[in-house]
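Enquirer: Before I ask anything, here is the structure I am working with.
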Amino acid sequence: MNDIEIRIKEIDEKIKKIKDFMESSGIDLSGEIESLNLKKNELIKSLNPKSPWEIVQIARQKSRPNYEDYIDGIIDGFIEFHGDRNFRDDAAIVGGIGFIGKFPVTFISHAKGKNIEENVKRNFGSPHPEGYRKALRLMKQAEKFKRPVVCFIDTSGAYCGVGAEERGQGEAIARNLLEMSDLKTPIISVVIGEGGSGGALALGVADRVFMLENAIYSVISPEGCASILLKDAGRASEAANYLKLTSRDLLELKVIDGIIKEPSGGAHNDAALTAKNVKKVLIDTLNELTKISVYDLVEKRYEKIRSIGVFLE
Amino acid sequence: MIMWKDLFVQRKYATLKVTQKSDLAKDENVNAENIDVDMFTKCPSCGEILINMDLESNLKVCLKCNHHFRIGGNERIDITFDKGSIDYFDTNMKSLNPLKFPNYSEKLKSLSKSLGINEAVITGRAKIEGLDVCFGVMEPNFIMGSMGSVVGEKLSRMFERAIDMKLPVVVFCASGGARMQEGMLSLSQMAKVSAAVKKHSNAGLLYISVITDPTTGGVTASFASLGDIIIAEPKATIGFAGRRVIEQTIKQKLPLEFQTSEFMLEHGFIDMIVERNKMKETLHNILKIHLGVKGNE
């Protein structure tokens with residue numbers, strides 16, 4: 001419990017005492033209770049300071065740490081590999097090998113740029129099919145050499161374009177989902193910024209899925225949802241509430257396994273500290289997952305994927 | 001085949017204006033009581049006015065231009081599986097509203113009432129000309145055949161049962177993609193069904209994906225694209241991103257054939273295009289070869 005939570009608890013106790021006193025003495029102190037409730041609500045607000053829409057803005061901040069910051073802060077001796085051995089190299093996904101602590105890993109991440117030149121080169125982090133096929137090639141390589149795979153998710157979505165459709169965007173994503181469900185080596189995924197739909201999920205089938213505190217993960221962008229279901233793209237902030245796309249909501253829905261703390265105000269305020277927090281979680285998780293036999297790991301991964309969903313029968 | 005239209009319309013001379021009931025009522029020369037507009041359907045592709053009974057007997061394929069009309073899940077089952085062979089799975093499974101998404105519960109309730117089914121997929125076990133399969137048939141009219149928790153769960157269980165029963169699977173896809181109203185739970189179903197497909201595949205079993213109009217988004221990006229054999233009906237829309245979204249992104253109009261079955265065949269993403277009246281026979285023939293059963297023994 002943090003300071004604010006302790007103060008809220010104190011106020012609750014005070015209100016209870018006053019209510020008991022009111023009952024026993026018959027003296028009306030409802031004004032007191034009301035002012036205490038106001039104080040309590042303010043504290044609750046400061047505990048949950050951000051609306052989903054505000055979190056969307058933080059997740060999309062240009063200055064938010066990207067793949068490069070995390071490679072610098074987390075991975076020792078990173079060596080980048082290129083290409084899907086089929087069509088071309090897609091710069092919207094970066095992949096390679098290196099060490100996280102004592103663990104050799106294969107690292108794969110969506111690559112958003114921080115300035116316009118880099119974003120043009122990297123297509124704003126929106127991959128074409130060859131990006132997903134490069135990712136899958138590197139995952140299969142990791143499986144061969146028994147290296148864990150660490151995937152970072154940061155995309156507004158897979159690219160929507162003619163070439164992407166001609167080369168099978170749907171098939172590329174589908175193939176990743178299928179192969180990742182059965183990859184015989186540990187997989188950890190972390191949503192670091194934006195997790196946009198199928199293009200994000202294609203790096204997100206894992207033994208453990210984490211989100212940074214102010215990252216978002218959604219079936220559709222709030223703007224898209226607003227324009228389709230609310231018939232007004234301007235109502236995106238409202239749609240952001242409905243979609244349950246924040247880390248807290250998704251932990252509650254059991255879509256993710258954990259939340260990684262960000263510095264106050266957001267990851268952009270201290271990229272190094274954020275990377276340190278992520279690194280600690282990765283090392284703890286690698287320690288845990290590398291102790292499990294590959295057979296059990298894959299079985300448990302299946303059960304975990306299989307258990308997501310809410311229905312009645 | 002004798003067609004109803006041949007019996008009472010001289011096609012050469014007849015012209016027929018499509019009119020709404022309300023328009024007919026306004027026209028003083030026509031007695032609206034005597035004309036039943038529900039008898040005819042206008043082909044959205046070529047504009048031909050088709051007599052419904054003819055259209056039905058032609059499996060809802062336009063007699064003039066071969067346009068394949070969208071059909072519901074139960075109609076698909078009727079024309080694909082042997083009468084009396086069907087054993088349905090999980091018919092009582094229903095969606096909840098886990099995100100408390102506005103209007104979603106109401107929508108589910110009114111659709112299951114009007115369509116008489118609980119969700120956007122029907123699953124079960126049946127025979128195709130005597131050969132056993134497990135099947136999934138999507139219902140394009142149920143929130144655009146979108147996939148939420150129930151669609152994902154029903155399909156996954158069907159694949160798992162097929163593993164237990166050592167049976168091939170046939171899935172008729174028709175879907176707008178992941179269902180927005182269940183947010184990330186819907187997106188996660190893509191991974192869930194794909195994982196079940198992989199398990200079924202690891203067991204050495206056959207999965208045939210049949211893509212029908214329209215198959216887009218999260219269904220294209222999961223089980224629709226994962227069949228050992230992928231068949232499509234002619235001119236079905238198949239794609240990942242919506243046509244309108246792509247046009248907005250690239251600021252250009254797209255050609256008509258973009259994201260059709262023919263386009264996907266040309267680009268190597270489906271095995272074959274099969275017309276509706278040949279579908280059952282084609283499925284049977286593929287199953288036969290996988291079972292190594294020549295002839296009809």
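Note that the numbers count up from 1, one per residue, in the order the chain is shown.
Here the Cβ of each residue, glycine as well, is placed from N, Cα and C on the backbone.
Quick paste from TrEMBL:
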| type | residues | note |
| --- | --- | --- |
| DOMAIN | B:39-297 | domain 'CoA carboxyltransferase N-terminal' |
| BINDING | B:Cys43, B:Cys46, B:Cys62, B:Cys65 | Zn(2+) binding site |
| ZN_FING | B:43-65 | zinc finger |
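Could you place the listed features in the three-dimensional structure?
Expert: Summed and averaged per residue, pLDDT over the domain 'CoA carboxyltransferase N-terminal' (B:39-297) gives 95.
For B:Cys62 (Zn(2+) binding site), the same-chain residues lying six or more positions away in sequence with a CB closer than 8 A to its CB are B:Cys43, B:Ser45, B:Cys46, B:Glu48, B:Leu50, B:Leu55, B:His68, B:Phe69.
The zinc finger (B:43-65): residue composition by secondary structure is 6 helix, 4 strand, 13 coil, according to DSSP.
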Enquirer: Setting B:Cys43, B:Cys46, B:Cys62, B:Cys65 aside, what same-chain residues sit with their Cβ within 8 Å of the center of the Cβ atoms that define the Zn(2+) site, listed in sequence order?
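Expert: Surrounding the site, in chain order, are B:Pro44, B:Ser45, B:Gly47, B:Glu48, B:Leu50, B:Leu63, B:Lys64, B:Asn66, B:His67.
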Enquirer: Comparing the binding-site residues B:Cys43, B:Cys46, B:Cys65, which residue's C-beta has the most other C-beta atoms within 10 angstroms in this structure?
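Expert: Result of the Cβ crowding comparison: B:Cys43.
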